[in-house]
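Per TrEMBL, the features are:
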TRANSMEM  36-60  transmembrane segment
TRANSMEM  80-98  transmembrane segment
TRANSMEM  139-158  transmembrane segment
TRANSMEM  165-186  transmembrane segment
TRANSMEM  198-218  transmembrane segment
TRANSMEM  230-249  transmembrane segment
TRANSMEM  261-280  transmembrane segment
TRANSMEM  292-312  transmembrane segment
TRANSMEM  318-338  transmembrane segment
Amino acid sequence: MAEKDPEGIIATDPNDNDDRKCLIIRKLLKFNPKEVFTWQLVKTVAMGQGLAALICGTAVTSQYLASDYHVDAPMLQSFMSYTLLCLTYTTALLFRTGDGNMFPILKKRWWKYLLVGFVDVEANYTVVKAYQYTTLTSIQLLDCFVIPVLMILSCWFLKTCYRPVHYVSVCVCLLGVGAMVGADLLAGRDLGSTSDVLLGDGLVLLSASLYAVSNVCQEYTVKHLSRVEFLGMVGLFGTLISGMQLGVLEHNNVANIQWDWRIGLLFAGYALCMYTLYSCMPVVVKKTSATAVNLSLLTADLLSLFCGLFLFQYTFSGLYMVSLVIILVGFIAFNAVATTPDPTDPIAPSVGREEGGYDNPDDVIEEGEHTGVSWNQRTQNEEVPAGGRITKM
């Protein structure tokens, strides 16, 4: 035990250090890998890499449109994706009864979903515009700003309590991104413009912040309300907002497109990848968290690079494989230890519960599970919100 010497200075008992060492050794000896590397963890990693593969699909189709056909219409691409969401999920809301119908939802929360739709559309648009002003390296590095912002917002608004292992895991993932950027520089892939680096970097940081807001809103919505409500409202307002921006900003670009079946196929491929990404991402967020999902998406750039080796004759570097392994190790470590909700939060979901609530306790969630607690019992004035992600080519 620590004791005070006659001069008032605290002296440390050497036996304390020996006890700590013995405790650490005992814990290591009792470590059971099966308790950490569970089937649930395997599914989480697989689902995260599935989302990364979808982003890779959007990146490849966008690269073909830009490089082979000189098409510059990112808002048209987003508009098509939001339209698909609107046609499916918003239509599904129309046929629901009770509080789950689209009109009661709009009556209660229309302005909240309008803000969420605006944030989601502008997050996609600003990162695309950044490529006109800054380099690929800057975008890859600064886009990681979404993760610390996400963690801060999750602590503030979702009352998530992260453990030291989570912060270490995030640092490991960011180290992997650094290795990827280093490989790009060695391979001479520092692509992009340098016309206004300060403006471009600012747009990337703005986009990352908007993504963080959108993803935290998405996590809150799918865990407390409904995935179909979230996707239906984002599809509705995303279609309206992106459609207006398309008419104002890109009408000349769209008019100049020399349409043929190949361009149409690339647009369709992009829209389907984004539609599938938006549809599946809430499922993964509901089972994990927005932060975990964004960590898994760090490998999307690497998957795009691997595709580029065959499709666009990129130069291979061994650092790409090192980067992939580092990011996956960090992602697995992050998901191996569960985050804990703040016990003082009156609306925090109970630990281990994966289903979300709904406005009417008698409404059944998509997975067919009941919450047993109505939305109005949790809170009547909480912010309700949503999210998404776009290609980074």
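Using N, Cα and C of the backbone, Cβ positions are placed for all residues, glycine too.
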- Considering the transmembrane segment (318-338), which listed stretch of 36-60, 198-218, 230-249, 292-312 counts the most C-beta pairs under 8 Å: 292-312
- Query: Any chance the transmembrane segment (165-186) and the transmembrane segment (139-158) have 3 or more Cβ pairs under 8 A, given the pairs are 6 or more apart in sequence?
  - Reply: yes
- Item | Interface present between the transmembrane segment (139-158) and the transmembrane segment (230-249) (three or more C-beta pairs under 8 A) | no
- Query: At an 8 Å Cβ cut-off, counting only pairs 6 or more apart in sequence, do the transmembrane segment (292-312) and the transmembrane segment (139-158) clear the bar of 3 or more pairs?
  - Reply: yes
